[in-house]
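Pulled from TrEMBL:
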- 17-56: repeat 'WD' (REPEAT)
- 58-99: repeat 'WD' (REPEAT)
- 101-131: repeat 'WD' (REPEAT)
- 151-190: repeat 'WD' (REPEAT)
- 191-232: repeat 'WD' (REPEAT)
Amino acid sequence: MTVSANPDLFPTADQSLDGHTDAVYNMTLTNSYLITCSRDTTLRIWSLETRKLVHPPLQGHTKSVLAVAACVSSGFFVSAGVDGRLIAWNLETFECRRMVDNAHTDSILSIAASASLVVTEGKDKLVKMWESKRLCEMADSNDPLAPIFTLSGHIAAVNSVAMTDKVIISGAGDRGIRVWDIATKACIRTINVHSMGITRLEICPLHRYIVSSSSDNTIRISDIDTGEELQCLRGHTELVRSVCVVRKTGSTDFDTIVSGSYDGSVWVWSRRRMDAKKDSWVVTKQYKMSDVLPPLENNVKNRVFQVLSDGTRLFCTNASSSIIAWQI
């Protein structure tokens, strides 16, 4: 089922010069803003209401910005990328609070943030834990900051991270998903359900599920406690770059997953209860980048890089400089 829809674009048509000038790799949501980062080395802060910039582009990275994450309760967000630099920003003033050079020795590929911890992962195969409070303190450039702990064990680039208040989940190019205990810093479980590298993962804390996407073109749902694979969702024809769990307003149920792929499509999966022990997941909507955006130069396919939802809208970043938003 392919859906023809008229989505909203960031930026709006009359503000096109405010947009990114290259591919948009990653984004995060707050109550009022959509924060995006790009190959153009900048971050941009968009009003969710008007789809317009609320501040000039944020500069501080010297190469592509690959990851951004926000902690609304503590009023900060963090960014990182190919330059190995980790930057903490104030969520109200958008000023840089601290810049950590060489936070990793290679590209930083993913970030997760909470009131107490910021977790980074990189091409250097490491997962690093940083104290949020210290990271967000305004500091002199000569004041060094080191991670509070470094987790090692993956044997390939670590591509995605997620966390709860008790565990960190990391997914890597080595096909493994590792569950780390925050208190003991120990790897308490390794989950191997994919046949190729992990590209993205999310946690559903209430249901104790991990939802992961992979270069094997699939999405898998696994049990955090046992590592058991519960579901395998197939259909994309190229690697699935991103996956998100839609949490609709006022609901704690887990019944919608969105996936975005290098095949240039976004799929919405809905859960159908078969019986008390078995669920079935079916594709209820499909969106194609080619239906929304003009072709890229040299007939390059418009790959999807990230999908994200606030419960009412579905946001998508891709190889173009536009961000797409559909109503769901």
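Every residue gets a Cβ built from N, Cα and C, even glycine.
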For the repeat 'WD' (17-56), the number of residues DSSP places in helix, strand and coil: 2 helix, 18 strand, 20 coil
Mean of the pLDDT scores, which run from 0 to 100, over the repeat 'WD' (101-131): 98
